[in-house]
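Below is one structure, written out as structure tokens, with a few remarks after it.
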Amino acid sequence: MNQETKARFREIRDKVEAKERLSLDDGIFLYDPAVSLQAVGELANLVRQRKNGNVGYYNINTHLNPTNVCVYRCRFCAFRSDLRDPKGYAMSDEQILDRGREATENGCTEMHIVGGLHHQKPYEWYRNMIEILHSEYPQIHLKGWTAVEINWFEFQTKKSIQWVLEDLKSVGLGSMPGGGAEIFHPEVRDQLCEHKANTHAWINIHRTAHQVGLRTNCTMLYGHVEQAFHRIDHLIRLRELQDETGGFQVFIPLAFHPENTKLSDLKKPSALMDLRTMAVSRLMLDNVQHIKAYWIMLGVETAQAALAYGADDIDGTVRHELIYHDAGATTPEFLSIDKIRNLISEAGREPIERDTVYRRVHRDEQDFKKWTSGESVDAPQVATL
Ligand code: SF4
């Protein structure tokens, strides 16, 4: 770094050390290639340590993508299918319950449920899925339906967002994933997915979810047509909602995978870009407790390195993930618990199993499949709404 860059970086370091909030300009500066990645990473690591101590979280989870048929055509999506395409599928109740049984047999604490917006499936099909899984396997936390799906249910039912969320909660929805955020700024969003839930809808649905007592996650899809300004603008919009509600529990930067998408001429982001985005996210989102390195998208090695660049969570064992594997992710489809724990230990952190809402999981020593959720891993003010 030259003298000028060093001086500007020092200003930012002073702010971080004093726990002062970083500005839009600060964030954009941290993306400047002239700013040493290692220096940005060290600063993010300081914040990670201050917020979460010397631990790395993981969970034992499975994915359920009940249909890939989708009315939308997002340009970055390799997962979707047309209604009459041979690739299209929609799972039966039996297949869905089988997935719940398999999850229970494997000691999963969470099922992550997201998919397409099927032209012919009514809201009741999506609702019923939550209801049957919850009544058959009540211990499994159902983290389901992105804001894009909730927006679709609002359209289908002609009811309010609050009604939809309370209705789903009443039959067993436990929390919401953070997908569908992509990049909020219209200069980018309109190029990626102009028809699906817009930025206002995404923010409003998460706000309402927090108001009805559902914790949610938040994400950002980066590494395609956006610039540093759009990324920082996105993070600041999330930070503002978090100031208002406190309902986000973790932020997950999602690396774009171009294969089989309408943006396949683009290159996927480099590992250096992944690490810088992880670190900048940790530094900008001063009010979000956890930052997750989602190994499925980053690759196992980069996710492990990300634990030194601001991330404190590496996601889960993950079974049956289809969305990013359809887009060319070459990561394994599943990581064993030993492998995940080793990845975290090798990075110098203590591996701790958490449930979806960040409570410590206690396993029965005789029977691994039996577990209970214990105390929150977070300070009380961030653990509860
Ligand atoms: S990203 Fe989601 S909403 Fe967009 S096309 Fe793919 S499945 Fe449909």
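Yeah, the Cβs are placed from backbone N, Cα and C, and that goes for glycine too.
TrEMBL labels come from automatic prediction, so no person has curated them.
Record features (TrEMBL):
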BINDING   Cys70, Cys74, Cys77  [4Fe-4S] cluster binding site
BINDING   Phe76, Glu182  S-adenosyl-L-methionine binding site
DOMAIN    56-287  domain 'Radical SAM core'
Those binding-site residues among Cys70, Cys74, Phe76, Cys77, Glu182 lining ligand 1, judged by a Cβ under 6 Å from any of its atoms, are Cys70, Cys74, Cys77
Distance from Cys74 ([4Fe-4S] cluster binding site) back to Glu182 (S-adenosyl-L-methionine binding site), taken between C-alpha atoms, in Å:
10
In whole Å, how far does the CA atom of Phe76 (S-adenosyl-L-methionine binding site) lie from that of Cys70 ([4Fe-4S] cluster binding site)?
14
Taking 10 A as the limit, how many CB atoms besides its own sit near the CB of Glu182 (S-adenosyl-L-methionine binding site)?
26
Given the [4Fe-4S] cluster site residues Cys70, Cys74, Cys77, which other residues of that chain have a Cβ within 8 Å of the mean position of their Cβ atoms, reported in sequence order?
Tyr72, Arg73, Phe76, Phe79, Arg80, Gly116, Cys193, Lys196
So Cys74 ([4Fe-4S] cluster binding site), by the Cβ count within 10 Å over all chains shown, scores 21
Counting only residues 6+ apart in the same chain, whose Cβ is under 8 Å from the Cβ of Cys70 ([4Fe-4S] cluster binding site)?
Cys77, Phe79, Arg80, Ser81, Gly115, Gly116, Leu117, His118
